[in-house]
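Feature annotations, courtesy of TrEMBL:
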TRANSMEM  25-45  transmembrane segment
TRANSMEM  65-85  transmembrane segment
TRANSMEM  106-125  transmembrane segment
TRANSMEM  145-170  transmembrane segment
TRANSMEM  191-213  transmembrane segment
TRANSMEM  233-251  transmembrane segment
Amino acid sequence: MNQSGLEANKWSLATLTDVEEVKMVLRMLPIWATTVIFWTVYAQMTTFSVSQATTMDRHIGKFQIPPASLTVFFVAAILLTVPVYDKLIAPIAKKVLNNPQGLTPLQRIGVGLVFSIIAMIAAALTEIKRLRTASSHGLTTNPVAKIPLSVFWLVPQFLLVGAGEAFTYIGQLDFFLRECPKGMKAMSTGLFLSTLSLGFFVSSLLVTVVHKVTGNNKPWLPNNLNQGRLYNFYWLLTILSCFNLGIYLVFAKWYMYKDKRLADEGIELEEADPTFH
């Protein structure tokens, strides 16, 4: 009831918990935004890297490897990275960083972003080698020619992105689940998954922009990759990823985890009803 004896409009009032929960989400947005670029890099492994594979020697004896099957190295990298982290990296990180968790969620994401940069460097160098091999054998004008270069030259970029995914995926999921307010836990998964979808959207946007900018002169991404400059696209992603990493490190340094911040400020939030409506 207000001073006039009338019932107050509940929509015009906000509790301390409501205000703090909104502030928590707003503080997470810079971290959310700077993880999108990883999934933009990831998208290249399922598009242009597969296109590269179709032009290369995919034979093991008489068996020919399907181009899209190279994505199995994502899984291999994850299966290798997770136990290596648990058995080797985490114990060392616990001692060095004095953190019982090993690496914090933000540190894991940062490691994943570094892996994505190295992956794009490897992808650019491999594409340069592929084009040189095509040129030396006079195959640049034939879009369906099989270049005498083993498809396994592409494996490092798949392994690097896969290892980066192991760090970034787990780091993001842990971060959003931990830092989202208790009353907005359903939002944590939405925030995490939105970075994946936005990453693929940014990838499509970049391809469209590159087509428009370079299409009339020397296109980077023509239908015939043997006459293109796909390596420049990979270098572009390397530069964008480095720039993004710098911004991410600033935000990660600035970010204070929810439990520590609330404890420092002496704020105790109300427990949210765990029932979803």
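Yeah, the Cβs are placed from backbone N, Cα and C, and that goes for glycine too.
Of the two recorded stretches, the transmembrane segment (65-85) lies close to the transmembrane segment (145-170), with three or more CB pairs under 8 Å once pairs fewer than 6 apart in sequence are set aside. Beyond its flanks by at least six residues, the transmembrane segment (145-170) meets 35, 38, 41-42, 45, 49, 52-53, 55-58, 65, 67, 70-71, 73-78, 80-82, 85, 108-109, 111-116, 118-120, 122-123, 126, 129-130, 133-134, 137, 139, 226 of its own chain at Cβ-Cβ distances under 8 Å. Against the transmembrane segment (25-45), stretch 191-213 has more CB pairs under 8 A than any other of 106-125, 191-213, 233-251. Sequence-distant contacts of the transmembrane segment (106-125), counting only residues of its own chain at least 6 positions beyond either end whose CB sits under 8 Å from a CB of the stretch, comprise 31, 35, 37-38, 41-42, 44, 49, 154, 156-157, 160-161, 163-172, 174-175, 231, 234-235, 237-238, 241-242, 244-245, 248-249, 252, 255. Beyond its flanks by at least six residues, the transmembrane segment (191-213) meets 28, 32, 35-44, 47, 172-173, 176, 180, 219-221, 233, 236-237 of its own chain at Cβ-Cβ distances under 8 Å.
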